[in-house]
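Taken from Swiss-Prot as is:
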BINDING   H75, H77, H232, D306  Fe(3+) binding site
BINDING   H75, H77, H232, D306  Zn(2+) binding site
BINDING   R84, Y142, H169, Q235, T311  4-imidazolone-5-propanoate binding site
BINDING   Y142, N308, G310  N-formimidoyl-L-glutamate binding site
Amino acid sequence: MTANTSRSTVLTGIGTLVTNDPTVGEGPLGLIRDAAVVFDGGVVAWVGSADSAPAGDVGHDLDGRAVLPGFVESHSHLVFGGERAEEFAARMAGQPYAAGGIRNTIEATRNATDEQLQANTRRLLDESLRSGSTTVECKTGYGQTVAHELRSTRIAASLTDEVTLLAAHVPPPEYAGRADDYVAMVCSEMIDACAPQAKWIDVFCETGAFDRDQAHAVLTAGMAKGLIPRVHGNQLREGPGVQLAVELGAASVDHVCYTTQADIDALAQSSTVATLLPGADFSTRNKYPDARALLDAGVTVALGADCNPGTSYTTSLPFCIAIAVRDMHMTPDEAIWAATAGGARALQRADVGVLRPGARADVLALDAPSYLHLAYRPGVPLVSDVWRGGELAWSAHTGHEKARALR
């Protein structure tokens, strides 16, 4: 225990503990059976067999439940106004997805008050917490003027440390046919204004959004201001997004539904994470990424929910885990790792997505004896308790909830 006045917590009665640390447990997930976890001062102090657990000031007997690191959501778009349920219904009736739908959200976001945007973002973060996400990245991208993007970055930064400037989402309506002019504005006054509130710079490198040269300009302008690059790429067809991400050393390239062997090889030889977003492919009836080919080649894979009002209005990583196992041919172990340690890799974080001494005490317990149930029982709300920074943030059994700023 640490020599301070904090109260230590010990979780006992853990049926299966996922640590994601193979040095302390079995296999890549570092599994420990009949386990215990101790946290103190907001960090993990000890993990191991329950019969060797040190005493804590506060104890919780989990009665055989499985325990995992909190999910790490590395891709979300939570600052927006309105919704697009009618667009979803039309798409399900056979109309193809087009990026133009984003422009409907741009209008609704611009028309929303600060209070409305803040409340909606909090609501979605609360929802994410209830499904087990304890670290959430949040993108802008629905304001697309300097003032509106600055407002979005400020709202996001008030709620999470993982803020991404996605000003280059699609060219806004007032820049129709003038994407280069919009890019020039993003690369100058918009990044200048928003960079102090953000950590990441992102771009949608896709036909109908921004081409390779435009995406390169946005990313390098952000990098010049200290932002770390991420890329939306290869979602709708093969394209330059993957190769651009690797070239610039991006933390991740997200979607990657359409890849060549050269794309897969480039990712395998790089540190760029491939973040797969099955919720978007489910909701648009798009082709799922070839996760098996990526994993077999040695690519680091993360899973994200991609919560947004147009193409993936879900905050549930358990739902995405089930899809990844059923339709993307990932094993349950691979999907769990991708939603925890993989998301942490995509955010370049070593303190989350893992349960080992010194890691942040972000922990979730399931109403199930094994983590396998997350894929085995799709659609069932299995997350029973969530601790964030060592504090009980939500419990299905008590209704206890403290889902606020993700600090």
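Using N, Cα and C of the backbone, Cβ positions are placed for all residues, glycine too.
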Original post:
Which of the three DSSP-derived classes (helix, strand, coil) applies to N308 (N-formimidoyl-L-glutamate binding site)?
Top reply: strand
Original post:
Counting across all protein chains shown, how many other Cβ atoms sit within 10 Å of the Cβ of Q235 (4-imidazolone-5-propanoate binding site)?
Top reply: 28
Original post:
Out of the binding-site residues listed (R84, H169, Q235, N308), which are within 10 Å of H77 (Fe(3+) binding site), Cα to Cα?
Top reply: N308
**OP:** Express the distance between the Cα positions of Q235 (4-imidazolone-5-propanoate binding site) and D306 (Fe(3+) binding site) as a whole number of Å.
**Re:** 12
Subject >> G310 (N-formimidoyl-L-glutamate binding site) versus R84 (4-imidazolone-5-propanoate binding site) - Cα distance in angstrom >> reply: 6
**OP:** Restricting to the same chain and to sequence separations of six or more, state which residues have a Cβ under 8 Å from that of Y142 (4-imidazolone-5-propanoate binding site).
**Re:** H77, V79, F80, G81, I102, T105, I106, A108, T109, H148, S152, H169
Subject >> Neighbouring C-beta atoms (10 Å sphere around the C-beta of H232 (Fe(3+) binding site)) >> reply: 29
Subject >> Cβ-based neighbourhood (8 Å from the centroid) of the Zn(2+) site, residues H75, H77, H232, D306 excluded >> reply: S76, K139, D254, H255, L277, A280, G304, C307, N308, S312
Original post:
Rounded to a whole angstrom, what is the largest C-alpha distance between any two of the residues Y142, N308, G310 that the record assigns to N-formimidoyl-L-glutamate?
Top reply: 12
